[in-house]
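> One structure is given below, represented as structure tokens, and several questions about it will come after.
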Amino acid sequence: MGVTTMSGVLALPLLVMVAVVGIENGGGAVAVELFSSKLMHRFSDELKADSVSRSRGEVARFPRKWSSEYYRRLLSSDLQRQKVKLGPQFDYLFPSQGSTTLSTGDDYGWLHYTWIDIGTPNVSFLVALDTGSDLLWVPCDCMQCAPLSASYYSNLGKDLSEYNPSDSNTSKVVPCSHHLCEGGSSCKSPKDPCPYRVNYDTADTSTSGLLIEDILHLASGGTAASKKFVRAPIMLGCGSKQSGIYLSGVAPDGLMGLGLGNISVPSFLSKAGFSRNSFSLCLKEDTGRIFFGDQGIPSQHTTPFLPFDDINAYIVGVETSCVESYCLEKTNFKALVDSGTSFTFLPDAVYQKLAGEFDRQINATKFSFEGDQWQYCYKFSSEELPKTPSLSLKFSANNSFVVINPVFAIYGSQGAVGFCLAIQPTNGDIGTIGQNFFIGYRMVFDRENMKLGWSHSNCEDLTDEKGMPMTPSGSASPKPLPTTQQQSKPNGRAVAPAEAGRAPSKSTATSVFLVPGQFYISEMMLIFWPAAYIFLAFYC
């Protein structure tokens, strides 16, 4: 009987792993293979030397042995493990201003927003919600930011805020040595502030500045008596320079990335043990809810998130697409689930089949409205929409997602004139399930189990909150939205609903007037940008 060994290196603090495998040879004898691993403490000199050779001299993440920092880092890790063992502190968390989200139309690019409080003392920001990106950023030490004055927007009762790290006694600059500063090894010094830049793949749109650590104020509980306030340490972008459509009304006060990256707010909350690694968005036409830690209800439908190349995003696989009970062949595709996109985009081949079948089944006259970009529009003379065929997407295990309302109504000066199928084609194999498909559902992004959940909801079923004003508590009353008459003035500006970081500029539309959930059109010119992905890049 022979014994051989195979050794390797494991950088584990306290773990011994030995595997003994018996292999019977042809003569009946058993040869034993012993696999062993060499163990090294994570702060050992040997591992430090290996890290130095790999990172060209960067050793800042290794504390001096037996120093106070050495013990602090070990204790921090132990406390983190204890939080994981004990489970989350709260079932649900939401912004301290309230769980309500808002969508007020063209002034903010037709996205959903919520008020959040950052820093000590806290400052309020109205941030767009985007599941297609990771970083939370706000205007900060501005060199090039969107206008923040209330006079620039039709429905604000106070100016928007600009974050100043020096005004918050809980803020800390993130150094280049931090593990979330991905380009840290190229900084001149590991102690330098970590710069960031987020590029959004449309119209040269980006945000850049420095990474900062500070406090995000949250709350739990549904009533005033049971509500508890939480101070959660997070990382955010101090966005001193924005470009593209971030200078023309989309996300003027910042954006909260809710993606899968380690720098997103859901990641910080779950790793700190505040909530489960999950969140939900429940959207209606002009309002909604956001809850961190929500994993949905037992009866919800689910489908897994899928890996796709190097994209770390909420990708799902649609097995077939259906109009009413008729499911179309070869209409499978992958899609990004993105709250930062107003409409849904399908790969062109799938779009042509689905829209063509919708057109075949609908009992209405096809019509082309002057200047629009929609391929499947219809006119009608009554005040009510005719019955439209239902659309559904089928996922694995026969889980079906039925679209609540696949069309939008069009209004002219004399009232309703028609409606259009609210889906657009896109090049490539990846589609985008946008905000309009979210409507009427509690959409659960369960990152812990890597699955998407959905169930019908009125968006009022998690707490008894009555809603949230357009301005933070203690502020002046918000100005009302423009009336239809005001909207229809010849010099009124408006654009079509657009994607977060992808909206057309103000100059691309004239004489188009819209209200949430409906379109008012005169000599309309609707411009749509193709669906695109958002990439997060840190550099030093």
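Cβ from N, Cα, C; glycine included.
Because TrEMBL annotations are produced automatically, they should be read as predictions rather than curated entries.
Under the heading active site, TrEMBL lists ASP130, ASP338. Residues or ranges marked as compositional bias 'Polar residues' by TrEMBL: 472-490. Annotated domain 'Peptidase A1' per TrEMBL: 112-455, in sequence order. Among the features that TrEMBL reports, region 'Disordered' is placed at 463-503. Taken from TrEMBL, the feature signal peptide covers 1-22. The feature transmembrane segment is assigned by TrEMBL to 519-539.
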> Could you state the whole-number distance in Å separating the C-alpha atoms of ASP130 (active site) and ASP338 (active site)?
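A Cα-Cα distance of 7 Å.
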> Measure the Cβ-based neighbour count of ASP130 (active site), defined as the other Cβ atoms within 10 Å of its Cβ.
27
> Count the Cβ atoms, other than its own, that fall within 10 Å of the Cβ of ASP338 (active site), considering every protein chain shown.
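A 10 Å sphere around the Cβ of ASP338 (active site) contains 27 other Cβ atoms.
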